[in-house]
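Novice: Below you will find the structure I want to go over with you.
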Amino acid sequence: MVKRMLEVKLFGIRFENPLILASGVVDMTPELLRRAHNEGAGGVVTKSIGKEPRKGYDNPTIVELPYGLINAMGLPNPGWEAFLNEFIDERFDFPVIVSIFGGTPEEFAFLAEKLEPVADAFELNLSCPHAKGYGMEIGQDPKNVYEVVKAVKDVTDKPVIAKLTPNVNDITKLGLAAERGGADGVSAINTVKAIAIDIYAKRPILSNKVGGYSGPGIKPIALRAVYDLAKVLDIPVIGIGGITSWRDAVEFLLAGASALQIGTAVYLRGFKVFKEISNGIIEYLKEEGFSSIRDIIGLALKV
């Protein structure tokens with residue numbers, strides 16, 4: 001009964017809890033995804049998969065800061081064929097959301113069509129802030145967001161989630177464009193544009209010079225984005241950005257998030273964060289007199 005308190009259903013898919021492993025945190029082997037689930041994740045998102053293999057950027061690709069990370073990985077991935085071959089015979093008892101990226105609507109659609117056999121849903125990486133030609137340039141323009149989402153929905157019946165960038169003046173325009181294109185949900189936010197400089201070397205630390213900032217430092221930005229999106233959209237919002245504790249998780253749920261993705265906290269503290277956060281949410285629900293997590297979603301929108 002206690003476990004059922006955290007159960008959510010999104011896009012017709014059952015998640016035993018709303019805490020989802022975010023894309024790009026761990027290697028995408030089936031074994032590691034199972035480990036994430038066994039240690040408390042309600043579902044997983046794979047690393048972003050592209051049409052061709054990508055090595056990614058040279059080290060250093062991550063800078064640790066007091067309140068998070070700046071990363072510029074460069075979308076390293078084995079390409080769709082190798083990924084499909086690795087996963088095609090695997091069977092999972094939890095939802096696997098496949099993240100895909102491309103430079104055009106046609107590339108996104110191609111990948112969705114090819115990877116449909118191994119995906120319970122797709123997350124469209126429309127918002128990578130450090131990979132030239134992929135993501136950010138597409139994801140900042142509502143027209144492009146609409147076209148990418150529509151192209152993918154035209155070739156697959158699987159649920160489609162548009163991952164939105166915070167690096168715009170009004171994120172709700174992106175969310176509404178995704179909804180018009182047929183998206184089943186949106187996830188927000190991706191990383192915030194950032195840079196770190198070595199004051200002695202007198203140069204940027206990352207090999208790519210610039211990257212994306214994640215972790216506790218962006219939580220208020222992410223929370224505002226979720227709040228704004230949940231007010232205007234009729235599709236679910238998945239909250240991402242700086243969730244490190246059950247209190248953070250509850251804030252996002254109250255702001256209108258139907259589920260949550262956790263990334264940087266897993267990188268810094270390991271998979272144990274899933275059970276820590278789940279246990280904290282359960283205690284909060286009991287103390288506040290709620291029987292289900294569904295009872296608190298969006299309560300802050302009603303005041």
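Cβ coordinates come from backbone N, Cα and C, glycine included.
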Novice: Which one, Asn125, Asn144, is listed by Swiss-Prot in the same substrate site as Lys47, Asn71, Ala72, Met73, Gly74, Leu75, Asn190, Thr191?
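Specialist: The one candidate that Swiss-Prot places in that substrate site: Asn125.
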Novice: Select one of Ile97, Ile189, Ile293: the residue that Swiss-Prot places in the FMN site alongside Ser23, Lys47, Ser48, Asn125, Lys163, Gly215, Gly241, Gly242, Gly263, Thr264.
Specialist: Ile189
Novice: How many Å separate the two farthest-apart Cα atoms among the FMN-binding residues Ser23, Lys47, Ser48, Asn125, Lys163, Ile189, Gly215, Gly241, Gly242, Gly263, Thr264?
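Specialist: Output for FMN binders Ser23, Lys47, Ser48, Asn125, Lys163, Ile189, Gly215, Gly241, Gly242, Gly263, Thr264: max Cα distance 20 Å.
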Novice: In whole Å, could you give the widest CA to CA gap in the substrate site formed by Lys47, Asn71, Ala72, Met73, Gly74, Leu75, Asn125, Asn190, Thr191?
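Specialist: Looking at Lys47, Asn71, Ala72, Met73, Gly74, Leu75, Asn125, Asn190, Thr191 as a set, their Cα atoms extend up to 16 Å apart.
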Novice: Secondary structure at Gly242 (FMN binding site) (DSSP, helix/strand/coil)?
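Specialist: Coil, per DSSP.
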Novice: Give the residue from the binding-site residues Ser23, Ser48, Asn125, Thr264 that has the most other Cβ atoms within 10 Å of its Cβ, counting over every protein chain displayed.
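Specialist: That would be Asn125, with the highest Cβ count within 10 Å.
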Novice: Around Ala72 (substrate binding site), how many other C-beta atoms are within 10 angstroms of its C-beta?
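Specialist: Excluding its own Cβ, the number within 10 Å is 27.
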Novice: At 10 angstroms around each C-beta, which of the binding-site residues Lys47, Lys163 has the fewest other C-beta atoms nearby?
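Specialist: Ranked by other Cβ atoms within 10 Å, the binding-site residues Lys47, Lys163 bottom out at Lys47.
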Novice: Per DSSP, to which secondary structure element type does Asn125 (substrate binding site) belong, with helix, strand and coil as the options?
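Specialist: Looking at the DSSP assignment, Asn125 (substrate binding site) belongs to a strand.
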